Amino acid sequence: MKALDQLTFDNRFARLGDAFSTQVLPEPIADPRLVVASESAMALLDLDPAQAELPVFAELFSGHKLWEEADPRAMVYSGHQFGSYNPRLGDGRGLLLAEVLNDAGEHWDLHLKGAGQTPYSRMGDGRAVLRSSIREFLASEALHALGIATSRALCVIGSSTPVWRETRESAAMLTRLAQSHVRFGHFEYFYYTKQPEQQRVLIDHVLEQHYPECREAEQPYLAMFRTIVERNAELIARWQAYGFCHGVMNTDNMSILGITFDFGPYAFLDDFDANFICNHSDDRGRYSYANQVPIAHWNLSALAQALTTVIEVEPLKEALGLFLPLYQAHYLDLMRRRLGLTTAEDDDMVLVERLLQCMQRGGVDYSLFFRKLGEQPVAEALKVARDDFIDLAGFDAWGADYLARCGREPGNAEGRRERMHAVNPLYVLRNYLAQKAIEAAEAGDYSEVRRLHQVLARPFEEQPGMQAYAERPPEWGKHLEISCSS
């Protein structure tokens, strides 16, 4: 493992030139102090976890110091926000500090969020508050532990720097890791500003660095777009299967890598509600849980439009047509596994849909239902789960069909509990748990943030003394809508 001064840098995106980003130095925050760090994220950089305890760690990730090899850049892009095109967005408070090359040959972006004003700040102060920084840290690491593709969070650094949102809060910086920070909106920017040469440079960069397997295809650009469609189909299937609501699926928040990116007012479902809206600014429900599948397809079509400079329209349409069937296949596979099924039958999707309809009628905690279902033999588990349902007749009918379906599985029930527990988390990042940790951190106590992070790092394993993190939320903690304010 390495010390901070032993990291290797290779700033590929910065070398593309000033048409793609602007060099900006971070603005330091006062009295930097470590709030929380992720050892598993540090390992991606080959970084010794003990480095997080050194004063220089907080200084480097709060803008006070820079590596000599760093080339901090604010990236320019545009995007569709709530369906309307915004011609110039860009990194308004974040900087791509550098790209680290690890010993495995992987490049990882170091992105500092809350680093101060940039040419793209759009009247903002360029800061991030402690509250939103902790939320992104927890979500990144929780999703990773669930097996959902996501950007990673290296650390959160707190400060005494005041910032004003609805009230006075303290500034913080979050260091995000991803193998690229290129968004759908990057391609939209060069398309709508009619810069075809820069557009092609960017496409070639993404193809070369992130989709090298597509270079030998007969149509490399089309092969790359098809792979992006495939990755997003799997990503959204995992969101839906695990009840994750992103909240702000604007095209500038969509990663070209097909990973969860740019967290805002996200939430995991508590009681199942297909129409749940986690963002209180989303008054029309554009980004509700139920709409995430069609919105992902819409966003991919926006990307396809931006790529018409290098790919013919009809092949793009054909590639877009892959999204829904791929999504459905991934989603059904995940839901079969969550139900403990190891084989496929034609009516399995109907079985899943009937279960969700029963849940929708009220009273059922989405995550805990699946965990309970695997605790005991099927008949006994159904009796226990029944108590949570309002639609008892509907659940009884479903339960009878599910019991019969399980009876057609090959072999016996040996290993069913282990199989189901391996895919059904006991611990989920619920907004009320995050809020309690944030309130403690705002009072200067970071222990709850760190404890919650450690629990969520092993979501499928029962952890002694951590039962409180596996309980149903209190009524006040359910279906919290979160502000975009950050």
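Keep in mind that glycine also has a Cβ here, set from the backbone N, Cα and C atoms.
Listed in Swiss-Prot:
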- Gly90, Gly92, Arg93, Lys113, Asp125, Gly126, Arg176, Arg183, Asp262: ATP binding site (BINDING)
- Asp252: active site, proton acceptor (ACT_SITE)
- Asn253, Asp262: Mg(2+) binding site (BINDING)
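A straight line from the CA of Gly90 (ATP binding site) to the CA of the residue listed as 'active site, proton acceptor' spans 9 Å. Cβ neighbour density within 10 Å is lowest for Asp125 among the recorded positions Asp125, Asp252, Asp262. Taken residue by residue with DSSP, Gly90 (ATP binding site) is part of neither helix nor strand, so it is coil. Asp252 (active site, proton acceptor) and Asp262 (ATP binding site) have their C-alpha atoms 9 Å apart, to the nearest angstrom.
Proximity of Arg93 (ATP binding site) to non-local residues of its own chain (separation of 6 or more, Cβ distance below 8 Å) is seen for Lys113, Gly114, Ala115, Gly116, Gln117, Thr118, Ser121, Gly124, Asp125, Gly126, Arg127, Ala128, given in sequence order.
Reduced to three states, the DSSP call for Asp125 (ATP binding site) is coil. A strand conformation is recorded for Arg176 (ATP binding site) in the three-state DSSP classification. Sequence-distant contacts of Asn253 (Mg(2+) binding site), defined as residues of its own chain at least six apart whose C-beta falls under 8 angstroms from its C-beta, comprise Gly79, Arg183, His246, Phe261, Asp262, Gly264.
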